[in-house]
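Trainee: TrEMBL lists 1-23 with the feature signal peptide. Look at TrEMBL and you will find 44-166 tagged as domain 'FZ'. Feature annotation from TrEMBL assigns disulfide bond to 128-152. According to TrEMBL, the feature active site, proton donor/acceptor maps to 488.
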């Protein structure tokens, strides 16, 4: 309701302004030629500098302009009745004061350009690009496209072309004022809608553009962006030997604390980096961090609506129903943590095969004949697109960390210890989070006990806890190089808003420590004799039947526990190389182990020993064009959304007669 009232006030303001803007005298109608000299076009005049006489542009650092302006408006009157000036006039109200007066002054530099010696002086492209980077999210928040007349490449020029900074007057005033405030971390511990969450992530990236960016990995069933925020000293780029890790929240839409923690974490990383926090700066400068706060925004929306509708202390049944069922699945009612390919069963069926390895298991064709949720598809494609080393996904309903395998090795046993070849590594990873958490590793007292006994140290093998197939953490381990665990954040799946701060305090250190643990084990580069990186080379550890492979440029990361290990690097067409290493306990960063492989005759049976018979290859993904199906569905969704105009659309349509379509994002 508050949002609606705010919009109504804005519309009243816009209508009042329209009376002023559209009260300008009308231009001569070309159809009235019979009036003779009264309607003849005036003789063209040579451009000359004149005083700026536009109310919303009278505080520029210069006082003279010229017409025609950069947009081709021939007179001040023509510029004033255009939609560009209207947008400049109301941008403060449209954006609720955000990015103003920057946007207004940038627009004025195009509408009333600076005039010197009867010539137009164009504004600098660098200023435009800086404002666009910081303010683009504000237009997205109201579903408005970035204004065409603020196209940095089209209407602005480089410093070498003799441009000027249109915000120089604003900056001069800021310098005369008080000392700028130091950046500080301000987190609002409340729930956000999906739109608010995306706005926060984009604002955070805009505040820290040197270390952060946002990108979408796909859309939900109902067309909502699955938005990721990335932190790195070079965002958007994989740097050689820099490990990559990810956090995923809200896989079950009604398990919401993880979603909130990841929103807070993004804000915290940005602010603390700017404040000079050395720990955070070291983490971001040496790690590429990807954060997906909500994998299931549709389910969250349903659960949040139900919570708000059933806040009744006496109605325990309604609250319990919401907490455990409503919104758990996506909009198709699919449980996303049962929707991934079941590769664990394949491993169990092949584990006695000679030299079989539990890694990079291809996706069976049969999987694509089932119902694959678009959220699952997007995350699978995402996982395959980055060389992730470590991951955690966040749930609710218990207080512990579970690790693979999630599926019992015996089909009739629901609580059977079922370890991976990397049991010791996974226990170390899980303990890293549990031990750094405020209470998770303190034994059973106060635990939820929804699924029986869970052990004494806050961690448990997933199948020992309860068995299920198609889980995301098993998929990560068996299909890629990524080691993922599942963090259960507490008994209450949708805690009260006043408990969010406590949740953040309890988990903050664990979130940071877990990210830092991606630097454990070893890393290195596998090269050929000419020094070129070898993509897809295998790194094997004696005694562990799980290999990892090198990334695009031949770099790799292998999480390992302390001790002595025998490593082997191999690739088709090359001889193998072997090294013995010793990893000391309490080693704070990954040891560097490089390999150089020599060209050799291909061993014809080497790959066959690793391959699972009659299963296809790892590269086969989406053989039946599932992605095309989702793309078509997404386009249909966009088409339907296009029929519903944003709240401000009717005003522009009414005020300008035919509203400019460049205001619409799509």
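Each residue, glycine too, has its Cβ placed from N, Cα and C.
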Trainee: Would you mind ranking the disulfide-bonded residues 128, 152 by how many other Cβ atoms sit within 10 Å of each Cβ and giving me the lowest?
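Mentor: Taking 128, 152 as the disulfide-bonded residues, the minimal 10 Å Cβ count falls on 152.
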Trainee: When a 10 Å sphere is centred on the Cβ of residue 488 (active site, proton donor/acceptor), how many other Cβ atoms does it contain?
Mentor: 27
Trainee: Kindly report the helix/strand/coil residue split of the domain 'FZ' (44-166) according to DSSP, in that order.
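Mentor: The domain 'FZ' (44-166) comes out at 57 helix, 15 strand, 51 coil.
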Trainee: Rounded to an integer, what is the Cα-Cα distance in Å between residue 152 (disulfide bond) and residue 488 (active site, proton donor/acceptor)?
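Mentor: Taking the Cα atoms only, residue 152 (disulfide bond) lies 47 Å from residue 488 (active site, proton donor/acceptor).
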Trainee: Between residue 488 (active site, proton donor/acceptor) and residue 128 (disulfide bond), find the distance joining the two CA atoms and give it rounded to the nearest Å.
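Mentor: Roughly 45 Å, rounded to the nearest whole number.
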